[in-house]
Amino acid sequence: MKPLVTKNEMKRVDGYSIETIGIPSAVLMEKAAMSVAEAVRDYCLRKEYSYPQQKILVVCGTGNNGGDGVAVARILNEWGFLASVLLLGEETKATEETKHQLSIARRLEVEIQHETDFNEYTIIVDAIFGIGLSREITGNYREVIEKINQTKSWVCSVDIPSGIHADTGTVMGVAVKADLTVTFGIKKIGMVLYPGCDYANRVIVADIGFPKKAVESVCPKVFYLEPEDKKMLPERKKDSNKGMYGRVLIIGGSKDMSGACYLSAKAAYRTGAGLVKIMTEETNRIILQTQLPEALLATYKIEDGLDLKETVLKELNWATVIVIGPGLGTKKHAEELLKTVLEYALVPVIIDADAINLLAQNQYLKELFQSKNRGEQFIFTPHLKEMSRLSGDSIDKIKANLVSYGMEYAKKEKICLVLKDARTIISDGVVAYINCSGNNGMSTGGSGDVLTGIIAGLLAQKATLLEAGAFGVYLHGLAADREILEGNTYSLIASDIIKGLKKEITK
Ligand SMILES: NC(=O)C1=CN([C@@H]2O[C@H](COP(=O)(O)OP(=O)(O)OC[C@H]3O[C@@H](n4cnc5c(N)ncnc54)[C@H](O)[C@@H]3O)[C@@H](O)[C@H]2O)[C@@H](O)CC1
Ligand SMILES: [K+]
């Protein structure tokens, strides 16, 4: 698990390292520049480029990002490359560090230009703006960035692609499309969210010597998971029995929709749940028994006009985890089922799909939920459209700052929110995870139902809501990545993700 920071948090890490600990700013800058120069050299070595024949342009602004760039040009020259600086902006307004770097570079006769022909260079280093970017990019800066993007050169961005907002990943008018980004110390939130992550492309996190204490001093609240976090998988004892791994009740499925609850149930089993029961309409009995004989069934007939409450209550008592929503529909009986769950459930509940739509449509259900919820019990798994229905906010508003939106909503409603998008946000209102696994093949029917099943499977094995949400989403993405053959994301279907799960569930 690694932290992600906003630009203000990163500035505080810088400040703490320099002012409180006493590491000179120039030392950090030198190490930063060295790590970028090494990345450029590695690229040339991989390409088997001979040194002097490669012309490298380092485009520098007047902030400290530009100072890094000037030092990169100087180091590359020392190594035998032909690297020159294109300096943008007024030198008199440069930071002290950048002025200092310019004077060193001049003494070593590094070429410093104010305009150039971009097509002369095989490699461009982008050191125009880093985390200090504070407004939309216009004028000459904009023209230069557009020219960089039009070249065929390989582009390496220093710290973050110039033009990407470090907190939200949005493009501030225009942004550099990098092939590689070398970022310092900690990844910035904006370079893992879309579209920022597309612009950053491959990212190297360079250790430039920020002390651990400096990072801890800002108490990061946003994280992402990595393969080593597979240790979060719940333990499985050698002398175990199915009673130890929980009982998942999935309330879902309707006449024309049996697949959703089937996928959730199968994914819950494949994640390690002890027993899974599907509560659904009688019409789904044969298909579910044929497709997933491992699942227990509790069926009901809606046309009877029966009061479902007693039947549901019996099942609620049986379950250690409840899922409500996959393929449920939003008819009257579905509303009744949700009402009963909200009223009587005492175990963790995942509110998914149509159950979210029902909450969004019925104010009395929202109020019932709010009156019953004491915290630590509910996970909501909306995609952006469902989130918008639920909160009444537009998708644009939600997307404008996905992480803080998700955190605030989770805090306000006292839930664990799994806000599904190309980068899913998981938050309990205190911290948030941004999921970085998965691929665009997952934009396919049933993918969300599989996720719900995985989260339920983890809850059944006693993961906390936040662990089940964050790790479940991560595992879901890894499983999907496993099933992509030679980059073909077109053909991925939801049941493939369950297949991938089988291969990914190892510590
Ligand atoms: N000691 C430090 O603080 C370190 C800083 N480092 C580098 O310093 C960077 C941050 O440096 P700064 O805070 O100086 O900021 P930047 O270098 O990112 O740029 C800020 C400058 O650009 C101007 N600016 C912002 N938005 C603009 C726009 N849209 N159009 C035109 N001008 C605009 C600002 O007025 C300011 O002068 C990091 O990203 C990193 O690359 C590294 O050298 C590591 C150590
Ligand atoms: K940059």
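Glycine is treated like the rest: Cβ placed from N, Cα and C.
These numbers come from a predicted model, not from an experiment.
Under the heading domain 'YjeF N-terminal', TrEMBL lists 10-216. Positions annotated as (6S)-NADPHX binding site by TrEMBL: 64-68, 130-136, TYR141, ASP159, ALA260, GLY327, HIS383, ASP449. The K(+) binding site feature in TrEMBL is assigned to ASN65, ASP126, SER162. The domain 'YjeF C-terminal' annotation in TrEMBL covers 225-507. According to TrEMBL, the AMP binding site annotation covers LYS420, ASP421, ALA422, ARG423, THR424, GLY448.
Known features from TrEMBL, placed on the structure.
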residue: ASN64; record: (6S)-NADPHX binding site; contacts (Cβ under 8 Å, 6+ apart): SER25, MET29, THR95, GLU97, THR98, GLY130, GLY132
residue: ASN65; record: K(+) binding site; contacts (Cβ under 8 Å, 6+ apart): ALA127, ILE128, PHE129, GLY130, ILE131, GLY132, VAL158, ASP159, SER162
residue: SER134; record: (6S)-NADPHX binding site; contacts (Cβ under 8 Å, 6+ apart): none
residue: TYR141; record: (6S)-NADPHX binding site; contacts (Cβ under 8 Å, 6+ apart): GLY61, LEU88, GLY89, ILE128, PHE129, SER162
residue: GLY327; record: (6S)-NADPHX binding site; contacts (Cβ under 8 Å, 6+ apart): GLY252, GLY253, SER254, MET257, SER258, GLY259, ALA260, CYS261, ALA353, ASP354, ASP449
residue: LYS420; record: AMP binding site; contacts (Cβ under 8 Å, 6+ apart): THR381, PRO382, HIS383, LEU384, GLY448, LEU451
residue: ASP421; record: AMP binding site; contacts (Cβ under 8 Å, 6+ apart): HIS383, LEU384, LYS399, LEU402
residue: ALA422; record: AMP binding site; contacts (Cβ under 8 Å, 6+ apart): TYR194, GLY438, ASN440
residue: THR424; record: AMP binding site; contacts (Cβ under 8 Å, 6+ apart): VAL418, ILE434, ASN435, VAL473
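Taking the centroid of the Cβ atoms of ASN65, ASP126, SER162 as the K(+) site, the other same-chain residues with Cβ within 8 Å of it are VAL59, GLY61, GLY66, GLY69, ALA127, ILE128, PHE129, GLY130, SER157, VAL158, ASP159, ILE160, PRO161, GLY163, VAL176.
Closeness to ligand 2 is met by none of the binding-site residues SER134, TYR141, ASP421, ALA422, GLY448, no Cβ falling under 6 Å from the molecule. With a CB cut-off of under 6 A applied against ligand 1, the binding-site residues ASN65, ASP126, ILE131, SER134, TYR141, ALA422 are reduced to ASN65, ILE131, SER134, TYR141.
Apart from LYS420, ASP421, ALA422, ARG423, THR424, GLY448, the AMP site neighbourhood in this chain, defined by C-beta within 8 angstroms of the site C-beta centre, holds HIS383, LEU384, LEU419, ILE425, ASN435, GLY438, VAL473.
A C-beta separation below 8 Å, combined with a sequence spacing of at least six in one chain, links ASP126 (K(+) binding site) to VAL59, GLY69, ILE148, VAL155, CYS156, SER157, VAL158, PRO161, SER162, VAL176, ALA178. Ranking the binding-site residues ILE131, SER162, ARG423 by how many Cβ atoms sit within 10 Å of each one's Cβ puts SER162 at the top. Sequence-distant neighbours of GLY67 ((6S)-NADPHX binding site): residues of the same chain at least 6 apart with a C-beta under 8 Å from its C-beta are MET29, CYS60, ALA94, THR95, GLU97, THR98, HIS100, GLN101.
Binding of AMP is attributed in the record to LYS420, ASP421, ALA422, ARG423, THR424, GLY448, and the widest Cα separation among these residues amounts to 14 Å.
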